[in-house]
Amino acid sequence: MVLKVFFPTCCASADSGLLVGRWVPGQSSAVILAVVHFPFIPIQVKELLAQVQKASQVPVAVLGTWCHRQQEPQESLGNFLEGLGTIFSHDPWLQLCRERGTRLWSCKATYPQMSNPLDMHPEEQVMLIFYDQRKLLLSWLHPPPVLPACQMGDTTASTGGLADIFDTVARSEVLFRNDQFDERPVRLSHWQSEGVEASILVELAKRASGPVCLLLASLLSLISAASACRLWKLWPLSFIRSKLSTCEQLHHRLKHLSFIFSTEKAQNPMQLMRKANMLVSVLLDVALGLLLLSWLHSNNRIGQLANALVPVADRVAEELQHLLQWLMGAPAGLKMNRALDQVLGRFFLYHIHLWISYIHLMSPFIEHILWHVGLSACLGLTVALSIFSDIIALLTFHIYCFYVYGARLYCLKIYGLSSLWRLFRGKKWNVLRQRVDSCSYDLDQLFIGTLLFTILVFLLPTTALYYLVFTLLRLLVITVQGLIHLLVDLINSLPLYSLGLRLCRPYRLAAGVKFRVLEKEAGRPLRLLMQINPLSYNHVMHIYRLPRCGCHPKHSWGTLCRKLVFGELIYPWRQREDKQD
């Protein structure tokens, strides 16, 4: 079996010393973490490794010797390194050396505790793999996508081996917590040996994050307790709360903020990434909301919107009146049932007059309402968009009423015709068994059924025309609201922090590794460079996408068409937990 030695590139120019790392026996791999420089006291090295092993739960040990032949005499150094194997006993004992003045490397693996002196790995069987310790420490290896069963075994084995390498470097972070000003008795070389990589602003933010999170968590817990009060569960408050998109969005953001400012430490990188994505999403949402707020309050745009709202509502009502008058005549040359046509037309015209009166009654207060609604943009653009969606729903409530009236009347006739059609065929619907059974009917039942079927058939075109027109209007309103909800869901669920990491620091999101051959020479160990393969953007979106608000059900095209054909009510006034008709 080939012995694999993972060596950090930051230690390639280190002075001679000891190789400190972890031996992975199941894979015949040695992960080098640091180099201990001369001079040192062996007992102090053992104490340091015991402390690191206790803190990180990683079996760190001295795996061998490192010889960088630049200044030391070769003979004296070689004699000294040979004697270290008796002090720090480990099987296998690695002897890694970089030739003086050249780029040639040599690596041997001996087993001093074995009785057979021939138990030595030739250099051809030792593979030297270089890796970037900083990138490997900061990255997180993701599991592979679902593969066919024939490839699953090999992929799981290789992924498990890489996971051990990544996990060893990540858990050994306590070994790297020293800098060039730390006067320890043991001097190490690793990726932070030249100084700890840190930022003053980051350190200040870490210091202040604890008290700030504790304060905000207390405030959010009070708000959550107030929102969970039993008063909100009483009718009609519970009904209004479940129907308004604004309440759903505020509840969704409250859960996000409670999770972000929770004092509990993230248990794994996935949870930490989720917190970061939520924080960036909230900050972007608030920033966009403040931009919208500044735009609304500049140049008196709220007053302009209020002055334009009433004429627009009057124009919509006027167009609806013209449409109803067209339907009450002979629309497109169709022969309608005049009596039913006049009844339905006057019924809907009366509702339009009521709606116009309601709009004119509210016109003096529209500017004040819009001003207070504009202030809600400081809570985020998603809250402002949700309020805008609710305003559209309220302003088009008469269209919704027309749609409900027409849909219920059309649905009643469809189900009546289907029942009477089963009566002609000697069938009936068995409610208990949910199936159609045979049934015998009397002559009077057949006569009344025939009469009712004829009446419903002749009245169906008039009802269907009104239902078709108001359904198209309702679908137009739903399309506008759907686009608004789509934008809200995009802001809520887009993993902006993960996408930013993938763009700026792709090694942080690792999907795997690739190897590049550095040297392949007879009599020398094969030298490879391990590089991180970043996660693709599609996988980043799939793995880190945040949950949506989910306040409205999502219908498939087949379900939507079936509901439209049979006159059943559709999105958005039905919630997921509601019963179906």
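Going from the start of the chain as shown, residues are counted 1 onward.
Just so it is clear, glycine is given a Cβ too, placed from its N, Cα and C backbone atoms.
Over in Swiss-Prot, the protein carries these features:
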TRANSMEM  276-298  transmembrane segment
TRANSMEM  344-366  transmembrane segment
TRANSMEM  381-403  transmembrane segment
TRANSMEM  446-468  transmembrane segment
TRANSMEM  478-500  transmembrane segment
(request) Using a Cβ distance cut-off of under 8 Å, indicate which of 344-366, 446-468, 478-500 has the most pairs with the transmembrane segment (276-298). (result) 478-500
(request) Grab the same-chain neighbours of the transmembrane segment (446-468) for me: Cβ-Cβ under 8 Å, and only residues 6 or more beyond its ends, written as numbers and ranges. (result) 327, 331, 334, 336-337, 340-341, 344, 348, 406-407, 409-410, 413, 416-417, 420-421, 423-424, 567
(request) Quickly jot the same-chain residues contacting the transmembrane segment (344-366) by Cβ under 8 Å, restricted to those at least six beyond its ends, or write none. (result) 306, 309-310, 313-314, 317, 320-321, 324-325, 327-328, 397-398, 401-402, 405, 462-463, 466
